[in-house]
Each structure stands twice: as C-alpha cells, then as structure tokens.
Amino acid sequence: RIMRPDDANVAGNVHGGTILKMIEEAGAIISTRHCNSQAGEPCVAALARVERTDFLSPVCIGEVANVSAEITYTSRHSVEVQVNVLSENILTGAKKVTNKATLWYVPLSLKNVNKVLEVPPIQYVRKEQEDEGRKRYEEQKLDRLETKQRNGDMIFPVINPEPHTVGYSQSSLIHLVGPSDCTLLGFVHGGVTMKLMDEVAGIVAARHCKTNIVTASVDAINFHEKIKKGSVITISGRMTFTSNKSMEIEVFVDADPFVDEPRERYRAVSAFFTYVSLSREGKPLPVPQLLTETEDEKRRFEEGKGRYLQTKAKRQAQLQQAARQ
C-alpha cells in the first residue's frame, strides 16, 4: 500500500511501527491460511515472537510498500514465517529492500482460545531446510523462556530528572483495547501492540536527543501472554544504552484485564528497540551519552553494551563472508 502522511513522522520517514504492523498482518494471513488448509477445527494464528528485525532503509511518504511472506518451517504447534518488505518509488520506479523479518505463530482454536492446535506440515525442497528450521525453532524457544524469567521490572516516574538520564526520557502510554484492535478470538493483534511499542520507544529516543529519530532495528519481540479485549495496557519505555550513534530502548507491555477478569496485572510483551538520530538532511548525528545513576541502570547499560557489541561483531562477520563470496 502507498505510504501516507499519517504513517510518518514530521520528517516524512514512515514509522517503524507502521512497517511492523504491516509485516505482522502478512504473517498472520499466511499462517492462518496454512493452519486451516486441512480438515479440522477452525483456528486463527496468534503471534508468539518476532526475531530481530533490521530497518535497512527508510520508507518515505508517497512510496509503495510491498510486503511478501513465506512459510519456511513448521513444528507440531508453531509456524515460522519469513517476511520481506520492498519499497517502490512510483515516480522513478526505483525499488529497495527495507526489511527482512522472521515471525513465529501458533494456531488457536476458535472454539477454545486456550487450545493450541496442531500445524499441518510443509514440504521441504531439501532435508537441510528442515534441519536448519528445527535449529531456529529450538533457539527461539529457549530465548523466549529466558526472557520471560527476567521480566519483572517496572518503570516509575522520577521527580525533576536531569537531562540525558534514564528518568528524563522514560515514557508510558495507556491504551484501552477495543474491538478494532483484536482478532476474531478477541485478543489484540500483534501488529497493533508492536505499533504502540514503537511509538513509545520513539518518544523516549526523541526526548533523549531532541532531534529527528528513526527506528534502526528491533531485537526479538516476545509475546508472553495474550491480551484480551477490554484490557487496559500500559506500554512503557526507557533508555538502556547509547553508543556514539545509536540508542537502545527497552519496551514492555503490561496488561490489566479489567472487564470480567479478577486477574492481576501481568507482563504481556517485551522487546528492545534501537534508534538513530538524523539531521534535516537525513545524515546520522552523534547521540548524547546516557547518564546512569543507579546500580540497576548501570547493569542494564552494560547488558545493552554487550548486545550492541555482539550485533556489531555479527554484522562485520557477515560483511567479511559476503566479501569472500
């Protein structure tokens, strides 16, 4: 679809959350189609996880975003979908790949939303494809469990915070989940949640550096639990790490199931977003150093630095391998 002004920031760059929402919609369509391709209980595919997603190039107002999805692996109860986003300048005909993402879905029965159904298998061209897919499945399954175990932090307001501290830029958004946010089963679309998360992360980044900012990448987004229609969700974001030209922001979603639910607030989604600061000409700008004050902030900074160095090393290894080929 064509990108319009309400999809973009003041500089004309399309919000990362808008792209993430389109990616998730494509994944949900192809997964739900596949899971209903054989006789059995009707179901809807629910998003469980999004692997790291890099924003290779910004999409601008007036360009057309083409989203394509392909199922690349199925386990007994999950589907792996690879999604590519291609932007097209319809005036010049120029095209460029802007995003490549991997998403995992599980099929939930329309009759019983807590029942996960079996996934019809796919046919692999080569045995190696199945083996590689199984390896990715085991890795993401382990990472999801580890992430869920360390999700306990909360964000509290800070009185009169100093500029460039964690408390100065941290932000929260409260949203009542309505019918338009939800699937046929009455639970929030993963894409809706990711779009809200990107909005909060963008506010944190803009507050920190006071410039135009764009999403550079999103670390794995883990959907720990479903969010039901009628819930009130709080999307919170805080700066965890800054390098010379990038900012890492932790974002998590907590749900309060107020309607006909005696349940306590719970952590539903968590992720790390990376942003870069841009000049009016679209050139990268230096990012102000994050000032850490507490031991927890210092610990999170070091953890973020580790993720940054790991990603940097992986990218350099990929460039070296591409050069050899």
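Just so you know, glycine gets a Cβ as well, placed from its N, Cα and C.
Because TrEMBL annotations are produced automatically, they should be read as predictions rather than curated entries.
The annotation active site is assigned in TrEMBL to Asn9, Asp198. Taken from TrEMBL, the feature compositional bias 'Basic and acidic residues' applies to 296-306. Positions annotated as compositional bias 'Low complexity' by TrEMBL: 316-325. Here TrEMBL flags 1-111, 167-281 as domain 'HotDog ACOT-type'. If you look up TrEMBL, you'll see 293-325 marked as region 'Disordered'.
The average pLDDT computed over the domain 'HotDog ACOT-type' (1-111) stands at 95.
Note: the CA-CA distance between Asn9 (active site) and Asp198 (active site) rounds to 12 Å.
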